[in-house]
Amino acid sequence: MKRDLVLVIDFGGQYNQLIARRVRECNVYCEVHPYNLSVDEIKQMNPKGIIFTGGPNSVYGENSPLCDKAIFELGVPIFGICYGSQLMSHMLGGKVATAPVSEYGKTKVDVNIESKLFEGVSSSTICWMSHTDYIEKAPEGFKVIGKTPVCPVAAMECEDKNLYAVQFHPEVMHTEEGTKMLSNFVYNICGCTGDWKMDSFVEKTIEEVRQKVGNGKVLCALSGGVDSSVAAVLLSRAVGKQLTCVFVDHGLLRKNEGDEVEEIFGPNGQYDLNFIRVNAQERFYEKLAGIEEPEQKRKIIGEEFIRVFEEEAKKIGTVDYLVQGTIYPDVIESGLGKSAVIKSHHNVGGLPDYVDFKEIIEPLRLLFKDEVRKAGLELGIPEKLVFRQPFPGPGLGIRIIGEVTAEKVKIVQDADAIYREEIANAGIDKEIGQYFAALTNMRSVGVMGDERTYDYAIALRAVTTSDFMTAESADLPWEVLGKVTTRIVNEVKGVNRVMYDCTGKPPATIEFE
């Protein structure tokens, strides 16, 4: 049965993925597509509703993104947000102008609660504004349903044509009743049924993969991260021993992580698949010897990983399908925007040519990260794996400033394990977006017992974030930081100083390199 679909048309807004996530949280399936999506393509998709995103442009700008005016004649409900609201007004005969005063931040908006859009919403509600232009006059046939002292048309509707628009951002958490507004749009206005559920997605995807693969052989590069692990388990459910997972242990994983992956997926694990572990630590350490520049380290680690995987793939022989853990943000950022779970090798950029296979399978291609975790739980994957901390592809190679050596890897592994253990013991691990220890390239003088030391400094990082695009330094309790510090300097040989990184993103990145 075909599911309900809401389209998010992207006009360059920074919150486009967030809008889609909020709609999906309402149990309605949603896709993000570029603003130049044709009316014919939209008709083929048969959406229940359309949302126009915000964007940095003015509708009067020379190169500002516009949509085909025919979209308003499709009879499909449309919800314009920020730039999307101005675009709707501009294209339908309203007047958009530069606001006398820019509105930015939390703003009290008076709304008409008789509108379907604001059903169950307070008549005066806090919303997040971020605009310099505004709708000065609504188009003919539209009714003003929201205003502020600065913005005379903070919200408008043409109920007969199911066209709605707001100047603020209902998708951000600062708009206190924004989720309710989006829910009203998809249910009260679009008539969606709420048929996007993870159990049905998992069941449907398993059946699709099973039908596609038949008796074919499937190969998966397993990193032990959330995406590749969920993809592997899903494929295992579909085709069992026809799946071979290759796990390349490059020696740059967190403490005991390689053994944990083997315990879960290996011969004594709970999944019906073939598992190959390649212990390639020495190869990677040799390649990284003397290399200090971060991008060079990344490149070496990536290229060596490909070589190792290639060698193992050749031993396996011909495979019919290659599994990738692509998730929906990757699809959006690539500009592809299509929703097929399985697509041919030649239609995908950047795939390895050294593996002889017919097609690629991307079972998580439709899911956001939080949905991947839900799928993992639905598949019965242990929580410790499903909620594992984000970990970069180059691993500890970019959490060690400067040259990577086996000695340095052990130092950062031990320090990081202590840090993660104490965060969990304090019961705050679910409150922090990401946390880890990094080894600086700095040595300093210290005193241990009666002896002078000259050892490394460890940097602790912890951030809170909803999207990893921006982040704030986490306000960790001093008691926890003190305990972590005491344990690291006493238990980790080669460290005599611990520092806490208080920098947000921007200006810093979350990782050190």
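The backbone N, Cα and C atoms fix where each Cβ goes, and this holds for glycine too.
Swiss-Prot has this to say about the protein:
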{"type": "DOMAIN", "residues": "5-195", "note": "domain 'Glutamine amidotransferase type-1'"}
{"type": "ACT_SITE", "residues": "Cys82", "note": "active site, nucleophile"}
{"type": "ACT_SITE", "residues": "His169", "note": "active site"}
{"type": "ACT_SITE", "residues": "Glu171", "note": "active site"}
{"type": "DOMAIN", "residues": "196-388", "note": "domain 'GMPS ATP-PPase'"}
{"type": "BINDING", "residues": "Ser223, Gly224, Gly225, Val226, Asp227, Ser228, Ser229", "note": "ATP binding site"}
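Overlay of Swiss-Prot annotations on the structure.
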residue	record	DSSP class
Cys82	active site, nucleophile	coil
His169	active site	coil
Ser223	ATP binding site	coil
Ser228	ATP binding site	helix
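Cβ proximity to the ATP site centre (mean Cβ of Ser223, Gly224, Gly225, Val226, Asp227, Ser228, Ser229, cutoff 8 Å) flags the following additional same-chain residues: Leu222, Val230, Ala231, Ala232, Gly325, Arg388. Considering only the active-site residues Cys82, His169, Glu171, Ser229 (ATP binding site) has Glu171 as its nearest partner by CA-CA distance. Neighbour counts of Cβ atoms within 10 Å were compared for the recorded positions Cys82, Val226, and the top value is held by Cys82. Spatially, by CA atoms, the binding-site residues Ser223, Gly224, Gly225, Asp227, Ser228 include one closest to Glu171 (active site), and that is Asp227.
In this structure the alpha carbons, written CA, of His169 (active site) and Ser228 (ATP binding site) are 34 Å apart. The Cβ neighbour count for Ser223 (ATP binding site), using a 10 Å radius and every protein chain shown, is 21. Averaged across the domain 'GMPS ATP-PPase' (196-388), pLDDT in this predicted model comes to 86. Residues within less than 8 Å, Cβ to Cβ, of Gly224 (ATP binding site) and separated from it by at least 6 positions along the same chain comprise Phe247, Leu253, Glu257, Gly258, Glu260, Val261, Leu385, Arg388. Its Cβ placed at the centre, Glu171 (active site) has 27 other Cβ atoms within 10 Å. Around the Cβ of Gly225 (ATP binding site), 19 further Cβ atoms fall within 10 Å across all displayed protein chains.
Counted within 10 Å of its Cβ, the other Cβ atoms near Asp227 (ATP binding site) come to 19, all protein chains included.
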